[in-house]
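As recorded in TrEMBL, the features of this protein are as follows:
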TRANSMEM  45-63  transmembrane segment
BINDING   GLY51, VAL54, ASN58, SER297, ASN329, LEU394, ASP397, SER398  Na(+) binding site
TRANSMEM  75-96  transmembrane segment
TRANSMEM  117-144  transmembrane segment
DISULFID  CYS156-CYS165  disulfide bond
TRANSMEM  241-258  transmembrane segment
TRANSMEM  290-311  transmembrane segment
TRANSMEM  323-347  transmembrane segment
TRANSMEM  382-402  transmembrane segment
TRANSMEM  423-449  transmembrane segment
TRANSMEM  455-476  transmembrane segment
TRANSMEM  496-518  transmembrane segment
TRANSMEM  538-558  transmembrane segment
Amino acid sequence: LPSPILCSLVQPVTPDLLVSPSSQDGDLGSECPEDRGNWTGRLDFLLSCIGYCVGLGNVWRFPYRAYTNGGGAFLVPYFIMLAICGIPIFFMELSLGQFSSLGPLAVWKISPLFKGIGMGTILIVSLVAIYYNMIIAYVLFYLFASLTSDLPWQHCGNWWNTDLCLDHHIIKAGNTTFPVNVTNTVSPSEEYWSRYVLHIQGSSGIGDPGRIRWNLCLCLLLSWTIVYLCILKGVKSSGKVVYFTATFPYLILVMLLIRGVTLEGAWKGIRFYLTPQFDHLLSSKVWIEAALQIFYSLGVGFGGLLTFASYNTFHQNIYRDTFIVTLGNAITSILAGFAIFSVLGYMSQELGVPVNQVAKAGPGLAFVVYPQAMTMLPLSPFWSFLFFFMLLTLGLDSQFAFMETIVTAVTDEFPYYLRPKKASFSAVICIALFLMGLILTTEGGMYWLVLLDDYSAGFGVMVVVITTCLVVTRVYGMKRFCRDIHMMLGFKPGPYFRACWMVLSPATMMALLMYNIIKYQPSEYGSYRFPAWAEVLGILMGVLSCLMIPVGMVMAVLQEEGTLWERIQQASRPTMDWGPSLEENRTGMYVASLAGSQSPKPLMVHMRKYGGITSYENTAIEVDREIEEEEEEESM
């Protein structure tokens with residue numbers, strides 16, 4: 001039974017207007033679930049959202065995507081897609097979470113027929129959390145390796161190096177007047193990454209994982225321990241940690257940016273990064289790339305935004321927060337591009353090669369190219385430590401969001417059993433995901449990480465977001481959703497948001513989905529091509545999250561009574577206890593819909609508690625009047 005119903009059965013409920021304020025504390029039985037809690041500070045929610053959205057992708061994906069898709073001209077489709085897809089979907093997720101104060105599973109009281117969307121979301125987030133923490137483990141490995149006077153990837157001549165290793169310090173010392181052909185050589189940093197950190201030569205492919213790399217295993221254990229300690233008390237602890245993890249990366253980024261632009265040859269890299277090539281705008285690929293960057297950078301569809309918003313107070317101004325976070329995320333990506341490409345420009349000048357030969361994306365940038373660039377700087381261990389510490393803080397707060405999403409979703413489903421034991425349940429989840437991630441610490445672990453990265457979230461997240469958008473606007477109803485936001489914020493969303501939710505956002509994401517299917521390319525890592533069985537496994541991984549939606553539909557229909565069509569209709573309607581979690585926030589159609597509620601009007605509860613009518617009570621009166629007028633029109 002839902003928590004309010006069980007509470008009402010446990011003991012009689014006194015009408016709210018007859019209860020004196022002093023007698024309200026501690027009158028519920030112990031069987032009632034513990035309070036979910038809220039953010040304890042004013043900036044907790046905002047900084048958590050910034051930390052969640054501003055992650056590793058801002059540093060290692062955006063700059064590379066920008067320069068390969070028209071340089072400065074890429075910013076045109078980037079901001080247009082931000083307006084069409086990013087901001088509206090971001091605001092929708094925050095609104096759903098804050099209005100209901102429920103996690104990604106329980107929020108589907110809005111339409112139980114589609115609870116499978118929440119199940120799919122949790123599956124996706126669990127898979128992403130497994131490999132995302134492995135990336136944090138790699139960062140920890142490099143962070144510890146930077147605590148030395150001489151970086152271990154600075155020179156050739158180590159046991160892991162091969163004859164192809166070419167030390168740039170030797171090139172520079174030779175004072176050669178001709179550019180060196182580096183195409184058939186390997187840098188010390190690349191061999192350190194592949195042959196020492198990963199020890200990938202011990203594996204012949206994804207089917208031959210080899211032995212566990214115990215140093216990586218310990219780093220993974222440490223990363224899970226850090227994550228657990230930070231989410232131990234839910235948002236009350238993670239909300240405090242983000243004051244550091246969400247702000248400190250900006251300090252390091254500014255330091256790296258200042259150091260980068262003062263290097264010789266820096267402007268060569270920046271010019272390469274930003275020179276606009278407007279002919280690219282005629283290519284559909286550029287617009288698709290811009291939409292993909294927005295989609296994954298903001299983290300919509302992963303449940304993190306909805307989870308964070310569910311811990312807000314009912315009248316938190318998420319409209320303002322939406323623009324702060326989305327625009328702040330975009331500006332951070334652009335700034336990161338300057339910090340990265342200024343150093344790459346310096347590096348290309350030092351090596352005497354074009355910038356496009358040193359520019360890479362993803363782990364190749366973070367663990368090969370940038371570490372190599374660090375060795376060319378004075379005080380290289382210091383700059384290396386700063387860079388990897390920045391990546392650590394960027395990665396951690398995104399991981400906090402993934403874990404909080406999983407824990408909140410399940411505890412909201414079983415509040416009586418799990419909410420009092422949230423710390424223990426969080427420990428069980430962390431241990432389980434750590435054990436599942438052990439295969440990533442093997443010599444062939446990188447192949448599994450690439451497979452997870454390529455398939456766990458791509459297809460599934462798009463289906464989840466498209467379906468959510470269609471259910472909220474078509475099944476639940478645009479008019480009703482806008483009225484809910486009016487209750488919460490005091491104003492209705494304008495034509496821009498309504499047009500995006502109804503048409504532009506789902507249509508754009510549908511085009512993205514079709515493009516991904518048509519342009520499907522098998523996974524690869526360097527020159528390694530994945531076998532057919534691995535491709536099938538990856539595709540099944542992506543499809544499984546989508547299959548949760550029809551599975552959830554079948555489960556919802558079986559729980560109803562009547563003919564098949566009657567069951568579908570009943571399952572698609574909101575449950576009786578759908579709406580604001582606190583009774584004083586329930587107005588109009590939500591009045592007295594909580595089981596055991598005997599209060600005639602939440603407005604009167606407000607007046608008794610706070611001694612007057614505020615702007616939000618005026619909103620409640622307006623919403624009530626609007627509903628009454630609509631009912632009169634329908635009856636006529």
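Glycine is no exception: its Cβ is also placed from the backbone N, Cα and C atoms.
Taking the mean position of the Cβ atoms of GLY51, VAL54, ASN58, SER297, ASN329, LEU394, ASP397, SER398 as the Na(+) site, the remaining residues of that chain whose Cβ falls within 8 Å of it are ILE50, TYR52, CYS53, GLY55, LEU56, GLY57, ALA246, THR332. Looking at which of 75-96, 117-144, 538-558 has the most CB pairs under 8 Å to the transmembrane segment (423-449), the answer is the stretch 117-144. Contacts between the transmembrane segment (323-347) and the transmembrane segment (382-402): absent, as fewer than 3 C-beta pairs lie under 8 angstroms at sequence separation of six or more. Most Cβ pairs under 8 Å to the transmembrane segment (455-476), among the stretches 45-63, 75-96, 241-258, 290-311, 538-558, belong to 538-558. VAL54 (Na(+) binding site) and CYS156 (disulfide bond) have their C-alpha atoms 35 Å apart, to the nearest angstrom. Of the Cβ pairs linking the transmembrane segment (45-63) with the transmembrane segment (496-518) and spaced 6 or more residues apart, fewer than 3 are under 8 Å, so the two regions do not touch. Looking at SER398 (Na(+) binding site) and CYS156 (disulfide bond), their Cα atoms lie 35 Å from each other. A Cα-Cα distance of 31 Å separates CYS156 (disulfide bond) from ASN58 (Na(+) binding site). Cα spacing between SER297 (Na(+) binding site) and CYS165 (disulfide bond): 35 Å, rounded to the nearest whole number. Between the transmembrane segment (75-96) and the transmembrane segment (496-518) there are 3 or more Cβ pairs closer than 8 Å, counting only residues 6 or more apart in sequence, so the two stretches are in contact. Cβ-based neighbour count (10 Å, all protein chains) for LEU394 (Na(+) binding site) stands at 27.
Sequence-distant neighbours of CYS165 (disulfide bond) (same chain, six or more apart, CB under 8 Å from its CB) are CYS156, THR185, VAL186, SER187, PRO188, GLU191, listed in sequence order.
In sequence order, ILE50, CYS53, VAL54, ASN58, SER297, LEU298 make up the list of same-chain residues 6 or more apart from ASN329 (Na(+) binding site) whose Cβ falls under 8 Å from its Cβ. For GLY51 (Na(+) binding site), the same-chain residues lying six or more positions away in sequence with a CB closer than 8 A to its CB are VAL242, THR245, ALA246, ASP397, SER398, PHE400, ALA401.
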